[in-house]
Amino acid sequence: MATPLSDERTPLALVTDTPEKVDPAASWVVEKRPRPAWMMSGIQLRQWAMYAKDNTVDAVVFHATHSPYYLGWSLRGYRRLCLRWWEARHDDYRQQIATAKLMLRQAKEQPRGAARAADESKARALLEVRRAEFKAHKKRHWIRTGISGLIIVGGSMAAFTQGSWWMQVLLALAVIFTGVYFGRPDAPTVAPIQAPTRTSHLGEETMRRVLVEAGVVPEKRATEIRGVGLPHTDGPGIAYAVDLPSGIPASAALGKETQKKIASALAVHLDWIDLDVDRSPGSSESRLTVWVSNGDPFAVVRRSPLLDHKGQLNTFRDGIPASFGKRGNPIILRIRDTSILVAGATRRGKGMFLANILIGVMKDPWVNVRIFDGKGTAEHNPYAPTLATFVKRNPERLAIITRAIVAELDRRSDLLDEHGYEKIDDDNYDEVMELLGGREVFICDELATYTPKGTSPYDEEITENLSQIAAVGAALGVLLISVTQVPEVSVIRGRLRQNHIGRAAMNTESGTASNTILGDGMTGQGYDASKIPIDQPGRFWLATPETGVIEGRSYLVTPDDKKRVAAEGYEIRKAASRLPGQWRDPIEEHLQQVTGVSSAAGGEGGKGRIVHFDFLTWLEDLALSTGRGNVTNLEVFTSLVDMSPEYARRDGETDEGWTARVGKLVRDLIAATGAELRVKRVPVDDGKRSQGYLLDDVTKARKSRK
Ligand SMILES: Nc1ncnc2c1ncn2[C@@H]1O[C@H](COP(=O)(O)OP(=O)(O)OP(=O)(O)O)[C@@H](O)[C@H]1O
């Protein structure tokens, strides 16, 4: 039964609000799911298609208008391919043949005798072997060229003649693009768009403020300063460029004091900024490049990029990346025509600077490296086997070698004259190297052992000869590198310093010492090596004609790196027959003649400790020891064998060949003493006689020696 309406009770509810009324007709409508981000709407899709079409048209127009460039690139590409082919055809056989020819010529220059004949036949044999190898290599190269040429040309011709027109068009494009690929410019022709860096506080506004504060631009003209491009990262800092108002050259911002003001306005240290006139093509004198680092750019230690380089180097053409600049950029030292003075207080990185040069020249077989180490440490020992001369703490020998090098300068200059070469340059490099017997890098490490007055009887002569070598040598392929930890006028006398046109100043104890290296008044211009932070060894001011005065820090070269590079340099030189003993070295020959001992590859023991050998005293002792009042030639020769392997019998050498060769060396030793001593028939056992020297004659000769 139905309950009467009046009795209907409100249903029990937990909430007091009346529920919202829902429109029954709309209750099925749910909110639309939003479109995923990756999915484009119709409008977007149409826009995208329109952009894609426009971009394609732009790209086609761009490339079509650039097609003349591409054709140029293509031609350059094929030229490069031809050059590559040509280089592969020669490999390094030409250099090897040239070296063999040089050996032959040097052998022929020797005085007649068995030694000359032996050297000549050895050089001839080597030359023949090298020529035969070259011939075989050329044959192999032609075969390879023939096979690949046949496949490529034959295949293309077949496709071209048999295929339809689109095939021909594709082939033509392939030909052009192959050339374009190999001929593309090394650096991108269009500089990549430089993204602004978040950390940058450089910009037009900042530069306006900074240049006005530094007094470079008057305040009323500040708005005429215009930023060029965007601030962008460059090495460990940010680079930017601004055009100064007309009539104000960028060089107005380069004075040291102005730079200090700019650094202060930028709230950084002077070392952290790098300002210069923009020298890129299309720029103007008013464009100032600004680089600001966000830390001390020299606080980092960097490894030499040469340590990752494999194979031979041409340091004349390419120089040596020996250190890095503020922007982390390599500073290339041209080992060409700049004699360098490296100086600074002790333990400030002079040796490291030298090590960076040495790891470069080690790999250049045309460089004859000679080191006179006045410190006598083991620093240069790893290079010894490759060094044409290596001597420790020996002023007398340095005096003799400097004399020999001064004479060598004359010889080189005459040779260049005779053969009509004005100077050594890239075009005549190989021929001139063959003619001269390579370039010389002559290192005098620690001048203070040799040049101050009273250090030895040779100080004056050494200073004078080094000055001459520094002045004249560079043009003749003889480069002097002088190092000292005592940058004082007594060590680097005026002329000696002036003749070194390259100077590297590590941290010094005083501004005066810095000026002694870099030149008078340089501290006043802001180039003060005494201000180089002491905790950054290897950092320096470098002044050369190519670089101007710049700051840098040597790369780090560890003792293990030295050993590794020296071993690689040894192999490179061996292959090119340019190790000590593999080529005729007139300078070492002279040293040997005058002193009786060789210092090639560090002499006996290979550590540069060259003991002075007084031949006549030695011969006198030998004649005394026989008890007969004389000594025979055979006794002399066999005793010499114990002293140096140079006197030992060579492979395949006959008795006669050996006695003739060593006999000649002994005559040279006697001649070098300046005394008169003749071979006589001297009595030996059983009333027999043999060729030799009388004790009395030897004593007389020793006493009469000049
Ligand atoms: N560019 C560099 N980076 C890192 N460390 C360096 C650098 N240059 C030098 N050093 C370190 O500084 C120290 C001294 O260097 P180095 O031996 O070259 O100085 P030096 O001036 O030749 O010393 P000396 O006066 O004894 O001849 C070495 O321990 C070396 O490792």
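Quick reminder: no glycine exception, Cβ is built from N, Cα and C everywhere.
Note on TrEMBL: of 27-45, 141-159, 388-406, the range annotated with the feature transmembrane segment is 141-159. Among residues of the same chain six or more beyond the transmembrane segment (141-159), those with a C-beta under 8 A of the stretch's C-beta atoms are 85, 88-89, 167, 171, 175. A Cβ distance below 6 Å to any atom of ligand 1 is met, among the binding-site residues Ala345, Arg347, Arg348, Gly349, Gly351, by Arg347, Arg348, Gly349, Gly351. Annotation note: Lys350 (ATP binding site) sits in a helical segment as assigned by DSSP. Each of the binding-site residues Arg347, Arg348, Lys350 was scored by how many other Cβ atoms lie within 10 Å of its Cβ, and the smallest score goes to Arg347. According to DSSP, Ala345 (ATP binding site) sits in a coil region rather than a helix or strand. Other Cβ atoms within 10 Å of the Cβ of Gly351 (ATP binding site) number 23 in total over all chains.
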